[in-house]
Amino acid sequence: MAQVFPDVIEEKIQDDDKFFGQTRLKNDDIDFNDPDNVLTMKNIHKTYLLGIEGVPALRGVSMAIKRGEFICIFGTSGGGKTTMLNIIGTIDKPTKGEMKLCGKTINHKTTDKDLAFLRLRNIGFVFQTFNLLSSLTALENVEMPMILLGELSASERRERAISLLTKVGMKDRLDHFPSQLSGGEQQRVTIARAIANNPDVLLLDEPTGDLDTVNTSVIMKLLTDLNKQENITLIMVTHDVGLKMYSDRIIWMRDGKIQRIETVQEQSKREHYQKLYKECELINQNQKNGVTSVFKNDDDNKNIKKQGTLTEFRRPTDYKSIASYNNNNSNLNNNSNSNSNNNSNNNNSKNYASSSSSSSVLNGKLSQSTVNNSSIYNHNNDSPFFNSNNNNNINNNINNNNNNNNNNNNNNNNNNNNNNNNNNNNNNSNSNNNNSNSNNNNNNTKSNNNNNNNIFDIASSSSSYSNNNNNSKNNSLIDDIYLDINEGSSSNFSNNDNFKSVDQITNDLSRIL
């Protein structure tokens with residue numbers, strides 16, 4: 001029967017703190033002079049001053065990391081992970097205790113100059129947010145640490161930078177700026193920059209926090225190759241529990257102390273490495289075929305999902321024309337026109353003429369006539385758009401009976417004088433009919449004189465309005481017309497509605513538009 005190994009085993013349990021439930025290593029267990037240790041921390045404390053009070057971030061951390069190890073640091077927020085990473089990276093100094101990094105002893109008395117040189121020469125950083133210089137290309141970003149170190153010539157720096165970018169799969173992105181790269185590509189440039197000076201330790205602060213599943217697998221494969229092939233020590237802070245199985249040891253932190261240390265079994269780690277390599281091979285095949293893959297589960301690597309970004313292209317023909325709707329409902333329009341009787345005379349209403357009208361309010365109902373060469377487009381119930389071209393064709397298509405409907409309708413230029421006389425005799429209207437002959441000679445309407453002004457096209461969409469003396473309601477007709485156009489149907493208004501004149505609607509629309 002095959003022996004089953006647990007994924008992790010707890011390394012040492014000493015000096016248990018019942019309140020915090022933490023596990024620490026005694027100082028006697030730390031060999032400060034072990035040459036195999038790339039990092040040794042002994043009773044490290046860090047306290048930040050907040051006013052007159054001190055806030056402890058680290059409280060007696062002791063540990064040793066051997067050269068070439070892969071360490072994962074886990075813990076809740078506020079547990080001291082980032083503070084410990086800053087101290088290891090010489091960005092900050094401990095308040096108390098000693099640390100030995102790459103053979104150099106560091107304490108609270110170490111100068112910033114010594115820390116800066118040690119950081120430049122022996123440590124590489126990979127951050128969650130990449131921290132690339134936006135004004136420099138990928139090649140120039142990788143060259144920057146080598147320029148600061150000053151050990152290579154310009155040609156040697158460029159040659160090494162190209163070699164590093166080729167290693168991380170960015171050979172075709174040398175002259176691209178960070179804004180032109182995806183998140184995974186930026187992280188690969190960050191890794192190339194971090195290893196530019198051949199560091200002994202690579203510090204990783206949430207390196208896959210901003211990446212998707214595919215890029216996470218690619219980055220982890222790249223990091224594990226650096227660890228195994230070039231013997232670079234990796235110390236990674238992460239919240240992704242799926243990444244801990246690639247490491248050698250797992251350090252759990254809580255309240256500024258090491259809670260426990262776990263060691264990952266070789267068999268379990270080997271299985272995860274094999275699965276990672278298979279995933280990366282499949283990713284490479286899909287990328288060659290132009291497909292981006294996402295693994296839904298760990299058991300079936302072939303079960304992938306295509307990803308992509310769709311761009312919507314809109315053309316004028318994609319918009320719905322309400323004119324076509326009116327053509328299909330011409331019977332409804334004719335019925336609404338024929339059923340409108342002499343209600344305006346009974347109510348002592350005012351009639352307003354508009355020679356370019358394509359709809360009329362009759363008997364409290366808004367009806368739309370069939371319009372040729374002029375379309376009203378609407379998309380997703382947004383604001384309607386009107387086309388005021390060829391209004392003369394509209395006028396020629398509108399023939400209403402003025403004697404029966406008491407409306408000032410638009411007839412052909414040959415019948416304009418007769419229609420105006422009928423309107424003046426039957427309706428006693430105070431509209432602009434006295435000058436209709438001259439108006440008709442000048443393309444019949446204000447809207448024809450202002451073909452580029454859409455306000456008059458909207459205002460002329462009603463050829464007569466009933467002005468009732470009962471002021472029981474003060475509703476705006478603009479919203480009603482807007483809804484009517486969007487819905488493409490006739491709106492029903494009650495006879496008690498106080499409708500506005502064309503000039504009033506024009507003024508309202510001027511304020512809105």
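Every residue, even glycine, has its Cβ placed from backbone N, Cα and C.
If you average pLDDT over the domain 'ABC transporter' (39-280) in this model, you get 92. Among the features that Swiss-Prot reports, domain 'ABC transporter' is placed at 39-280.
Sequence annotations record features per position, and here Swiss-Prot assigns ATP binding site to GLY75, THR76, SER77, GLY78, GLY79, GLY80, LYS81, THR82 based on sequence analysis. The Cβ of SER77 (ATP binding site) lies under 8 Å from no Cβ of any same-chain residue at least six residues away in sequence.
What Swiss-Prot lists as region 'Disordered' is 291-471.
The compositional bias 'Low complexity' annotation in Swiss-Prot covers 324-360 (among others).
If you look up Swiss-Prot, you'll see 361-386 marked as compositional bias 'Polar residues'.
The compositional bias 'Low complexity' annotation in Swiss-Prot covers 387-471 (among others).
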Spatial neighbours, same chain, of GLY75 (ATP binding site) - Cβ under 8 Å, 6+ residues apart: LYS81, TRP252, MET253, ARG254, GLN259
Shell of the ATP site beyond GLY75, THR76, SER77, GLY78, GLY79, GLY80, LYS81, THR82, same chain only (C-beta within 8 angstroms of their C-beta centre): MET253, ARG254
Surrounding CB atoms that lie within 10 Å of the CB of GLY79 (ATP binding site), all protein chains: 21
Chain-internal residues, separated by at least six, CB under 8 A from GLY80 (ATP binding site): LYS46, ALA57, LEU58, VAL61, MET253, ASP255, GLY256, LYS257
Surrounding CB atoms that lie within 10 Å of the CB of THR82 (ATP binding site), all protein chains: 18
Mapped DSSP class for GLY80 (ATP binding site), helix or strand or coil: coil
